[in-house]
Amino acid sequence: MLLWLLIAVPLLAGALLALWGRRVDPLAPALGVGVSVVVLGLAVAAAFIGPVTDTALFAGIRAGFAVDGLSAVLVLTVAGVLLAVLVSAAGEQGLRTGRFTGLMLVFAAAMLATVTATGLAPLLMAWEVMGAASWALIGYHVCDPDAVRGAHTAFLTTRTADLGLYLAAGAALAGGVGSLSFEELPTAGAGWRELLVAGVVVTALGKSAQLPFSFWLSGAMRGPSPVSALLHSATMVAAGAYLLVRLNPLLGSVGWAGPLVAWVGAGTALGMGLVAIAQRDLKQLLAASTCAQIGFMILAAGVGSTGAAVLQLVAHAATKSLLFLAAGAWLSALGTKQLGGLAGSARRFPLVGAVFTVGALSLAGLPPLSLWVAKDTVLAATLAAPAPGVVALYVVGLAAAAVAAVYSAKALWFVWRPAAGVAQPPAAAEVEQPPAGRLSAVTGPPLVVLAIGAAALGILPLLGHGLLRPEPGPRWWELVVSAAVAGAATAWGWRAATRLPEPGLLHRWWDLEQAARLLLVRPVHRLAHGLARFDDHVLDRGVDAAARATVTLARQLDRRGEPAVDGVVRGVVDGARALGRWAQRPQTGQLHQYYAQASVGFAVLAVLAVVVLVVS
Amino acid sequence: MLSLIVFLPAAVAVVVAALPARLPARLFVGAWIAAALADLALIVAAWVRLPVAGVGPGGYAFEVRLPWIPSAGISYHLGVDGLALPLLAMTAVLFLACGVFALRETRRVKPYVLLFLALQTVSLGLFAALDLILFFLFFDLSIVFMYFVIAGWGHAERARSAALKFFLYTFLGSLALLLGFILVFLAATPHTFDIVELAAANPLAAGGPYAALTLLAIGVGLAVKTPTVPFHTWLPPAHTEAPATGSAILAGVLLKMGTYGFVRIAMPLLPTSWRQYALVVLIVGVVSVVYGALVAFAQTNLKRMIAYTSINHMGYVLVGIGAAGIVAAGDAQARTLATTGALVQMVSHGLITGALFLLAGVLYDRGHTYELGAYSGLAARTPRFAALFAVAAFASLGLPGFSGFIAEFQIFTGSLPAAPIPVAIAVTGILVTAALFLVALQRLFLGPLRIPDAPGTPHAVSDLRTGELLAIVPLLSLATVIGLAPRFLLDLVEPAAATVNTLVAR
């Protein structure tokens, strides 16, 4: 019951708010915050009680939900960030609507269902609803064509990856796991299990914006900042990492899956970190860094360390939500998110500047902040993994950590740089929306709470147990090495902030979107138009031609066949008439002629009789 | 009870026919709505009473059987099971929605209402028929009545030729169907057209060329009606020229006659040949899925686009029932899932595409064109229309939470074990439909406001009126209810689907 409430309350409240129309708008922010407080309460209760429930869904497939240790952490993270983001969004004029609040709640419900589902079927349902809610939220400002395009790209890219989950469900059934429940998946038959794992991995990488799917997150940045803070940092993009953690026994049952996942994670951490360095837009920088930081979670999932992945997930959720909300606060106050236009913003709004600094330093991996601990736990788990090539993975991970420090320092330097003149407005080219010039009163508290989280969540392994205390923890020299690397890289990044290279390829996110358009979208477009022409000009014309041929045949029959048939009939008639006329001839009515005819007749008969007699 | 359900609209039609045509239009439409409501209530009662009433020896409830032409083995035989009842309910709901939507119709309302009442009787009769000739009769009458709807209330001059094409093409298909029925009749001893007796006797169990030819005749006849690629070219023009209510009934109910025929007749009566050629059916389904989606993607006319997505959606049905015939590979659960999914898809498509066509009718009413390029930015002016269209579009692209997902997930999951590669290709269909609906939403609703400036266009584009809301919202609500809590439907469909699969596997 508790679990159903946890999902149903935000779902129904959100659906009602989103569909009610504009009359509900004045109440929407308050209602949204109220509902999310209730959700947080339910989440806390669920985390302590650990409810389990299920219901019949399809033949032999049940929709099960449960809160275990892993789900409890995720449920609390989602509910907490939801509350912080909705409070913060209440301060943005354009977002104080039923549609926005409702969609955020629907999204949260889908995310809560995702992290509590115990089988592929309920997971897929929640998973895809999450994608659709993301589409509606990124494209929230319907008049902004870039936002709409970004929403389309995000939805279609993630749905492409989601096809993997449809195939995985079928493969599980074919492999003998009729229930599709997570616990039984590793027992799937050998050949089918490979397909099952491949489908799950592709889906997870797509949702988590890992290489080569990362590009959709760039377009998604056109959406409102609170959307980025909830969906594209703490929850939806982390869902892929969650899925891989949840299905770790399944990954382990197929030899190639773990190393593949680990290398994609490490590759994304480094590759997207480099992309982040090359960005000039604060939200783009943060988005690329999200891909990179989730890469660490994927790396942890690949080497089989559930605890390290979860720690990284929680620490990153607090840190990145904080940074996105701060970026959004500046965007609404100053009208820009370009790094060049944000000069002096941290000085002009010191509270936001302070919390942004905490977040950025955590992102840089500086001690004693949360991501420092989390990242080192991931790296320690990597080094301890019993697979070949872990040293190479560790080195790539450490390089990615250094890159993270550089882009964090770059962002910090730009926002702390003194504005050239006193209160000089940003250059016109950098203004993206009319600046409000001030911050709403509700912006501050959630930022402070998230900043405390970003700073202090690193102590979780000391307080926690089980899942939150991953074994092996980082050894002392690992902590020192990573702190030294992060410190040095931060210092260098700060000094070189304006001179950092921004090569076009990295600035354009490795041209992945262009590649997808060139290799997938355009051929499908061409094929579609070609088939449509075929349909109109060949198939349809063929049918029409068959109909016309029938008409032509009928006409020909009418013109040629009919006279012929008619001619035969007429011939018969004429023949009969001629015969009749001949038959009339002897009928003269004169007696002597009849006698003559009779005598001729008898003569013929007599001759015939003689001939017969002679012959016989 | 079944006879009452089937012939209630016809009885109302007889009464309406006696009224003078100059009475107010609302009176006629009101009679239609009342008849549809009463019919729906009866069907709901039948649904509720089904467990109490129980099924007869043939597996059917509420059976009626009267001799009709005994010398030829033809009887008036009606009955329902878990396959028929959901379709009867969907038909009644859709006719009710169309009745409410038609409240604003002003052109020759009396014959219009008469035609729809007649269509309702033949549609309900077809889904309840348990005799091949009775089935064929209703099948053909549906073509006749729909011809008059398109030709008489269509949009333009082209409506006549589209209606003629629809009539001739589907009529030709029905002749193939009749040929197949006669072949089955001749094979059975004693000769009969009774579906229950034929299913029990299984006269063509030996297979062979005769049985294959019979399946081909029946298959082609039903494929034209469904329609599947390459027999679909009558569908887009018929939809484009038909009035909104006609399109909704054509797509929602008449197309199901084809797919229902496969499940009700082809699978149980020709199990040996069905198993033999199941892969062909599945591949025809996959081609329809992919081809329909891609061609829909290239359309610029909203109604043509929805028409091609219908071909795509009916393709999923064929994938499911084709996989159900591949007995060797799949276990019973997979085949039950596939057949159940196919059945749910029929109901789901009726509700969702019905709603989409009614919404397209609203668009035509406001702008007098279906061209997507003629509109832009409607979301600001017509928020309710935009919201409902977005909901219908997401339902149609198979988003979980709506009935389409319940259908397609079962079809994919249940079919993949039987034929992994074709089904993997079919899965990409949901991606293309997603893309095309997103593009359509973007063109219609986002960006700067633009409305067609054709002569006769009202200048202020108004949002959905109450009547239109009352027609469309229940359809989408039902699709949502099935999407979130499907058990009430699946509890009915699953046993029937399992029965069909048992008949196929024998």
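The backbone N, Cα and C atoms fix where each Cβ goes, and this holds for glycine too.
TrEMBL entries are annotated by machine, without manual review.
With a cut-off of 8 Å between Cβ atoms, the residues of this chain six or more beyond the transmembrane segment (B:27-48) that come close are 1-2, 4-5, 8-9, 12, 15-16, 19, 61-62, 80, 85, 88-89, 92-93, 95-96, 99-100, 102-103, 105, 109-110, 112-113, 116-117, 120, 124, 492. Here TrEMBL flags B:27-48 (among others) as transmembrane segment.
Annotated transmembrane segment per TrEMBL: B:84-103 (among others), in sequence order.
Sequence annotations record features per position, and here TrEMBL assigns transmembrane segment to B:112-130 (among others).
The domain 'NADH:quinone oxidoreductase/Mrp antiporter transmembrane' annotation in TrEMBL covers B:129-431.
TrEMBL lists B:136-154 (among others) with the feature transmembrane segment.
Residues or ranges marked as transmembrane segment by TrEMBL: B:166-187 (among others).
Taken from TrEMBL, the feature transmembrane segment applies to B:207-224 (among others).
Residues 83-84, 87, 90-91, 94-95, 97-98, 101-102, 105, 116, 119, 123, 126-127, 132, 135, 139, 142, 146, 149-150, 153-154, 177, 195, 218-219, 221-227, 238, 281, 303, 306-307, 310, 314, 317-318, 321, 339, 342-343, 346, 349-351, 353-355, 357-358, 360-362, 364-365, 500 of the same chain sit 6 or more residues outside the transmembrane segment (B:244-265) yet have a Cβ under 8 Å from a Cβ within it. If you look up TrEMBL, you'll see B:244-265 (among others) marked as transmembrane segment.
Annotated transmembrane segment per TrEMBL: B:277-298 (among others), in sequence order. Through the fold, the transmembrane segment (B:277-298) approaches residues 212, 215, 219, 223, 228-229, 232, 262, 304-326, 415, 418-419, 422-423, 425-426, 428-429, 432-433, 435-436, 439 of its own chain, all at least 6 residues removed from its boundaries and within a Cβ separation under 8 Å.
Annotated transmembrane segment per TrEMBL: B:310-330 (among others), in sequence order.
Tertiary neighbourhood of the transmembrane segment (B:342-364): same-chain residues 83, 86-87, 89-91, 93-94, 97-98, 101, 155, 239, 243-245, 247-249, 251-253, 255-256, 259-260, 263, 302-303, 306, 309-310, 313-314, 316-321, 324, 370, 375, 385, 388-389, 392-393, 395-396, 402-404, 406-408, 410-411, 444, 464, 468, 471-472, 475-476, 478-479, 482, 486, 489-490, 493, 496-497, selected by CB-CB distance under 8 Å and a gap of 6+ residues from either end. According to TrEMBL, the feature transmembrane segment maps to B:342-364 (among others).
Per TrEMBL, the feature transmembrane segment maps to B:385-407 (among others). Residues 309, 313, 316, 341-342, 344-345, 347-349, 351-353, 355-356, 359, 362-363, 378-379, 430, 433-434, 437-438, 440-441, 444-445, 463-464, 469, 472-473, 476, 478-480, 482-484, 486, 490 of the same chain sit 6 or more residues outside the transmembrane segment (B:385-407) yet have a Cβ under 8 Å from a Cβ within it.
Long-range contacts of the transmembrane segment (B:419-441) within the same chain, counting only residues at least 6 positions beyond its ends with a Cβ under 8 Å from a Cβ of the stretch, are 279, 282-283, 285-286, 289-290, 292-294, 296-297, 302, 305, 309, 312, 315-316, 319, 322-323, 326, 329, 372, 389-390, 393-394, 396-398, 408, 412. Residues or ranges marked as transmembrane segment in TrEMBL: B:419-441 (among others).
Recorded stretches compared: B:84-103, B:112-130, B:136-154, B:166-187, B:310-330; the one with the most Cβ pairs under 8 Å to the transmembrane segment (B:207-224) is B:166-187. Through the fold, the transmembrane segment (B:310-330) approaches residues 226-229, 232, 235, 239, 251, 255, 258-259, 262-263, 267, 274-275, 277-293, 295-296, 338-339, 341-342, 345-346, 349, 353, 396, 404, 407-408, 410-411, 414-415, 417-419, 422-423, 426, 429, 433, 500-501, 504-505 of its own chain, all at least 6 residues removed from its boundaries and within a Cβ separation under 8 Å. Remote same-chain residues near the transmembrane segment (B:136-154) are listed as 105, 107-108, 111-112, 115-116, 118-119, 122-123, 125-126, 129, 160, 162-164, 166-167, 170-171, 174, 177-178, 181, 225, 238, 241-243, 245-246, 249-250, 254, 257, 261 (criterion: CB distance under 8 Å, separation of at least six residues from the stretch ends).
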